[in-house]
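Feature list (source: Swiss-Prot):
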type	residues	note
BINDING	L133, G137, H138, L139, S366, P367, F368	(6S)-5,6,7,8-tetrahydrofolate binding site
SITE	H241	site 'Plays an important role in substrate specificity'
MOD_RES	K242	N6-(pyridoxal phosphate)lysine
Amino acid sequence: MSTAEQTQSDIMHRFWHDDLAAADPEIAEAVSNELKRQQDKIELIASENIASKAVLEATGSVFTNKYAEGYPGKRYYGGCDYADVVETLAIERAKELFGCNFANVQPNSGSQMNQAVFLALLQPGDTFMGLDLNSGGHLTHGSPVNISGKWFNPVSYGVRKDDELIDMDEVAETAREHKPKLIICGGTAYSRLWDFPRFREIADEVDATLLCDMSHISGLVAGGAHPSPFPHAHIVTSTTHKSLRGPRSGIILWNDEDLTKPLNMAVFPGLQGGPLMHVVAAKAVAFREALRPDFRTYAHAVVENARALAASLEENGLRIVSGGTDNHSMLVDLTAKDVTGKAAEAGLDRAWLTCNKNGIPYDTRSPFVTSGIRLGTPAGTTRGFGPAEFRKVGALIAEVVDGLAKNGPEGDAQVEESVRGRVSELCSQFPVYP
């Protein structure tokens with residue numbers, strides 16, 4: 001074998017056989033460090049979870065290599081036989097899981113799934129309604145910095161000051177005044193049940209389409225731990241990586257066949273090209289997992305754990321926005337402690353408790369500082385925490401916050417060190433990817 005042939009052989013051997021550590025030590029180190037972070041810290045970000053080994057395996061599968069523009073049976077590329085199998089399974093499982101007639105499993109993200117609905121139903125400048133960001137809504141529901149607020153005319157509804165619940169009478173009055181073409185229910189930081197029947201009643205009154213973005217609660221809906229938006233919503237969207245415990249992606253669900261062509265055309269070719277088939281495969285895996293009886297147990301445990309965490313926080317002197325939670329999440333108002341959400345996020349992270357700063361209703365601080373933090377129980381529940389563990393977590397959070405209230409943003413180093421030790425002990429009892 002010549003030198004050139006040997007060199008080429010060595011190159012090909014590396015290509016086919018080198019693992020990540022050999023091919024890219026820097027990225028391998030970052031992945032290893034991220035795994036250790038997830039193992040050693042308690043994840044309390046409400047929008048995060050821990051996917052199964054099977055979901056990770058599908059996400060990293062050879063479907064990464066496959067282009068599959070179009071839909072099953074109607075592709076623009078050859079060689080899509082097994083891509084069709086994967087996508088058809090994902091569609092059928094999604095329909096079974098959520099009790100609907102149609103599903104599009106191609107959206108690459110939550111933003112793109114909602115953009116596809118806008119593209120299918122609205123023209124630039126059309127009016128739609130969504131929950132105000134300061135009341136727990138999402139960027140894609142009309143924030144002025146998002147395409148939904150730049151290309152369309154968003155009108156917001158919010159929560160009452162006295163009880164921090166959505167005022168359905170205000171929703172109805174706003175809808176009658178502005179006559180939106182689309183009404184969105186669903187949010188990213190609202191911990192109470194949504195009145196889906198009333199939203200549909202209001203939508204029908206003003207001849208609007210009702211979209212439910214159930215990204216945060218879809219796992220709870222799938223597991224019977226939260227009311228379903230069907231049959232009330234015309235269209236339902238959801239990410240798949242939050243309480244549903246799948247890969248990072250999105251789906252669109254509906255019942256009316258008349259919506260099929262505009263929604264499918266909006267996703268492809270309107271918004272996307274080839275779908276991420278490795279992610280579609282992982283979605284199919286996650287849907288199958290969610291169809292199992294043990295997932296129902298998990299979903300109910302998420303809600304039970306959230307209530308235990310909220311109760312513990314209140315018992316330890318922290319106020320929960322709206323007085324509690326009906327789902328997986330809660331907002332903690334730190335105003336009385338004179339602690340910012342930014343400081344709390346940093347202090348809790350030093351204590352190995354991961355959360356995110358979050359605005360509270362009628363917050364006077366900027367979104368980069370905030371007066372609150374958002375907490376959630378999906379990831380902790382996945383690793384095996386029950387109510388007893390979450391009550392301990394609530395007490396640990398309160399200790400750190402009290403240290404911040406006493407000493408300012410630098411916190412109480414001794415308290416944070418003590419909390420780290422107890423977090424480490426908890427995590428060792430409930431390992432991640434052991």
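Quick reminder: no glycine exception, Cβ is built from N, Cα and C everywhere.
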What's the CA to CA span in angstrom from F368 ((6S)-5,6,7,8-tetrahydrofolate binding site) over to K242 (N6-(pyridoxal phosphate)lysine)?
23
Greatest C-beta neighbour count within 10 angstroms, which of the binding-site residues G137, P367:
G137
Once the chains shown are all counted, how many other Cβ atoms turn up within 10 Å of the Cβ of S366 ((6S)-5,6,7,8-tetrahydrofolate binding site)?
10
Pick out which of the recorded positions H138, K242 has the most other Cβ atoms within 10 Å of its own Cβ.
K242
L139 ((6S)-5,6,7,8-tetrahydrofolate binding site), number of other Cβ atoms within 10 Å:
17
Counting across all protein chains shown, how many other Cβ atoms sit within 10 Å of the Cβ of H241 (site 'Plays an important role in substrate specificity')?
26
About how far apart, in whole Å, are the alpha carbons (Cα) of S366 ((6S)-5,6,7,8-tetrahydrofolate binding site) and K242 (N6-(pyridoxal phosphate)lysine)?
26
Rounded to a whole number, how many Å is the Cα of P367 ((6S)-5,6,7,8-tetrahydrofolate binding site) away from the Cα of the residue listed as 'N6-(pyridoxal phosphate)lysine'?
22
Nearest by CA distance to K242 (N6-(pyridoxal phosphate)lysine): which of the binding-site residues is it, out of L133, H138, L139?
H138
Name the residues of the same chain, 6+ apart in sequence, whose Cβ is under 8 Å from the Cβ of L133 ((6S)-5,6,7,8-tetrahydrofolate binding site)?
L139, H141, G142, S143, S156, G359
Cβ neighbour count within 10 Å of F368 ((6S)-5,6,7,8-tetrahydrofolate binding site):
10
Cα-Cα, whole number of Å: H138 ((6S)-5,6,7,8-tetrahydrofolate binding site) versus H241 (site 'Plays an important role in substrate specificity')?
16
